[in-house]
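So that you can see what the record holds, here are the features copied from TrEMBL:
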type     : residues               : note
SIGNAL   : 1-24                   : signal peptide
DOMAIN   : 30-331                 : domain 'Plant heme peroxidase family profile'
DISULFID : 40-120                 : disulfide bond
SITE     : 67                     : site 'Transition state stabilizer'
ACT_SITE : 71                     : active site, proton acceptor
BINDING  : 72, 75, 77, 79, 81, 93 : Ca(2+) 1 binding site
DISULFID : 73-78                  : disulfide bond
DISULFID : 126-327                : disulfide bond
BINDING  : 168                    : substrate binding site
BINDING  : 198                    : heme b binding site
BINDING  : 199, 250, 253, 258     : Ca(2+) 2 binding site
DISULFID : 205-237                : disulfide bond
């Protein structure tokens with residue numbers, strides 16, 4: 001009898017835990033790393049496996065998935081609005097200047113969502129998929145691991161205007177970039193830390209061409225760019241044409257998530273103007289760059305804090321938004 005009673009009690013506790021998790025899901029009590037523990041316990045394992053398979057085929061995908069999370073969160077919060085295709089009244093953020101011809105990895109997100117829908121239908125949001133896949137991408141590239149708060153829901157629309165206005169651009173000045181970060185509740189340390197994401201990934205010629213030929217409109221190159229490095233870049237980034245030619249953001253360790261990015265800035269080999277200004281235009285940001293260049297552990301420690309903070313930007317919870325069945329479109333009512 002006692003054993004039956006204990007078994008009954010345990011089953012009741014498990015049922016209560018499941019109920020509490022679902023209740024939290026519906027009421028929006030905030031994000032929690034344990035959000036899917038009972039309602040979709042294999043969620044993170046499924047995401048990790050699909051990302052690992054994609055990374056094995058194309059290591060570049062790590063930077064692409066990380067960038068999707070960043071570009072999602074900076075536009076009205078982390079709500080998977082970046083994943084929506086244009087349809088009906090929705091104009092896709094994929095058409096915006098920061099994303100057009102450069103945002104990628106959408107097929108991997110589709111694969112993850114399909115696998116999750118088979119395991120636990122209509123439970124795991126596309127916004128959470130972006131957050132988890134960003135973490136897994138950093139880990140696969142050799143960067144730090146972290147616990148991802150979960151429980152975001154997906155938007156019912158997109159904002160191409162927000163994408164154009166709110167995502168920092170490669171040629172923005174440091175004050176403009178900092179303003180865009182502060183709008184999201186992020187500070188100068190978050191700015192320098194999250195910019196370290198450029199330790200992996202590529203950039204197109206069109207994003208830095210002005211540094212090579214006409215930085216300030218006077219027909220002169222950017223003198224804060226190492227001139228021998230600039231000469232190498234000009235070989236594949238001509239004054240006209242070649243817009244889509246790709247260049248490593250970190251030419252030294254292009255596929256390794258490390259602190260080499262900051263070392264590059266110190267020797268004036270930051271590819272984008274928005275990167276190099278962190279070292280050349282402010283004593284505050286310069287000191288952080290120097291600290292991270294000298295101490296990878298400090299960079300990793302701060303990176304975890306900053307990306308979790310970014311992942312908490314205005315999430316939809318409770319009954320707000322929805323959990324999309326297909327990440328590219330809102331659910332049919």
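Easy rule for this one: first residue shown is 1, then count along the chain.
Glycine too: its Cβ is placed from the backbone N, Cα and C atoms.
TrEMBL entries are annotated by machine, without manual review.
Here the features listed in TrEMBL are placed on the structure.
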{"residue": "40", "record": "disulfide bond", "Cβ within 10 Å": "19"}
{"residue": "73", "record": "disulfide bond", "Cβ within 10 Å": "30"}
{"residue": "79", "record": "Ca(2+) 1 binding site", "Cβ within 10 Å": "28"}
{"residue": "81", "record": "Ca(2+) 1 binding site", "Cβ within 10 Å": "28"}
{"residue": "120", "record": "disulfide bond", "Cβ within 10 Å": "15"}
{"residue": "126", "record": "disulfide bond", "Cβ within 10 Å": "29"}
{"residue": "168", "record": "substrate binding site", "Cβ within 10 Å": "20"}
{"residue": "250", "record": "Ca(2+) 2 binding site", "Cβ within 10 Å": "26"}
{"residue": "253", "record": "Ca(2+) 2 binding site", "Cβ within 10 Å": "18"}
{"residue": "327", "record": "disulfide bond", "Cβ within 10 Å": "22"}
Between the binding-site residues 72, 93, 258, the one whose Cβ has the fewest other Cβ atoms within 10 Å is 258
Intrachain C-beta neighbours of residue 77 (Ca(2+) 1 binding site), sequence separation six or more, cut-off 8 angstroms: 313, 314, 315, 316
Among the disulfide-bonded residues 78, 237, which residue has its Cβ surrounded by the fewest other Cβ atoms within 10 Å? 237
From the recorded positions 40, 72, 79, 250, pick the residue whose C-alpha lies nearest to the C-alpha of residue 126 (disulfide bond). 79
Out of 75, 205, which of the recorded positions is least crowded by other Cβ atoms within 10 Å? 205
Can you tell me how far the Cα of residue 75 (Ca(2+) 1 binding site) sits from the Cα of residue 168 (substrate binding site), in Å? 11
Model confidence for the domain 'Plant heme peroxidase family profile' (30-331), as mean pLDDT, reads 97
Out of 78, 120, 198, 253, 327, the recorded positions in the record, which is closest to residue 72 (Ca(2+) 1 binding site) when you go by Cα distance? 78
Recorded positions 40, 198, 237, 253, 327 vs the residue listed as 'substrate binding site', shortest C-alpha separation belongs to 198
Excluding 72, 75, 77, 79, 81, 93 themselves, the Ca(2+) 1 site's Cβ centre has within 8 Å the residues 71, 73, 74, 76, 78, 80, 82, 155, 158, 159, 162, 163
Nearest-integer angstrom distance between the alpha carbons (Cα) of residue 81 (Ca(2+) 1 binding site) and residue 73 (disulfide bond): 9
Rounded Cα distance in angstrom between residue 253 (Ca(2+) 2 binding site) and residue 40 (disulfide bond) is 37
Taking only C-alpha atoms and a 10 A limit, tell me which of 73, 79, 205, 250 are near residue 198 (heme b binding site). These are the recorded positions. 250
